Amino acid sequence: MQNITQSWFVQGMIKATTDAWLKGWDERNGGNLTLRLDDADIAPYHGNFHAQPRYIPLSQPMPLLANTPFIVTGSGKFFRNVQLDPAANLGVVKVDSDGAGYHILWGLTNEAVPTSELPAHFLSHCERIKATNGKDRVIMHCHATNLIALTYVLENDTAVFTRQLWEGSTECLVVFPDGVGILPWMVPGTDEIGQATAQEMQKHSLVLWPFHGVFSSGPTLDETFGLIDTAEKSAQVLVKGYSMGGMKQTISREELIALGQRFGVTPLASALAL
C-alpha cells in the first residue's frame, strides 16, 4: 500500500507550510492553505483513507465544487507542526455530489476539522476556477508582516496600494499585473468575508485583508507562495523607504508601461493612471 504522506500533494503542503512559518507569516495557528486535487491524485491512496469518513455540511452549497477533492490545513493547527505530524494537521476532503458538504477522507485525526476560513477558500476556488478556466488550484492565506503594516499607513484602495507595490520592486508589475484587491476590515471566519474575498478574486489573484493578512491564488503551491513572497518583498522595501524619510525617486508611469510591454502583461488600468 502506498503511503499518502509521501504523495506529491502532502509533501507539497509540508514544504509550503514550513516555508511560510519560517518566513514569519504564520504565527501560532495563523494562516490556512487549500489545494484542489483530482480523483487521479488520491486514487492510489484509498488504503490510507478513514474507514468511516466524517461528513461535514457546508454553510452554503457550492455545486461547482461537487465531487472535488482537496487537501486542506486544519482549524487551530500550527503551520510549524505540519512537518512533524501531517495526519494531525492536514486533511484530504472530498465535496459530495451536490456540493452541500464534504467527507474527511484522510487526516485531521482526533476529530479535527478543516480551517475556519474554509468558506472563504471554497468561494475563492469557485471564482478562480471561472476566472482562469480551471488553471488556479491553490488558495493561501497568511499574515505577511510588511503587507499588514502597510494597511495601517497607505490608503486602503486597490489602485493606490497596487501602484505603491509596483513601484516598490520592479518584478511586481510582471508578477501581479492584475493588482491587489482590498477589503474593508471584516470579522474573519464568516461567510461574509468569504463572499467579499471571492468577489475580489474575480479580478485579482492577490487580496488584502487590512490589519490581518493576505489571500493569494495560483496554479501551484510554488506559484501561490511566490506571489505573496513577491508582494511582501516590495512591502518590506516600502516600509524601509518610509522609515528612512520617504522616497526621493521611484519607477515612473512611463517605465511601468514599458515594463508591461516588455513582458507582455496588461497592468491594472486604475493603478497605472495614478
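Backbone N, Cα and C atoms are what each Cβ position is placed from, and that goes for glycine too.
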Among His46, His50, His212 - the residue Swiss-Prot places in the same Zn(2+) site as His141, His143: His212
C-beta crowding around His143 (Zn(2+) binding site), within 10 angstroms: 18
Glu117 (active site) versus binding-site residues His141, His143, His212 - nearest by Cα: His141
Sparsest-packed of the listed recorded positions (Glu117, His141, His212) - C-beta count within 10 angstroms: His212
Where His143 (Zn(2+) binding site) falls in three-state DSSP terms: coil
Local backbone state of Glu117 (active site), from DSSP in three classes: coil
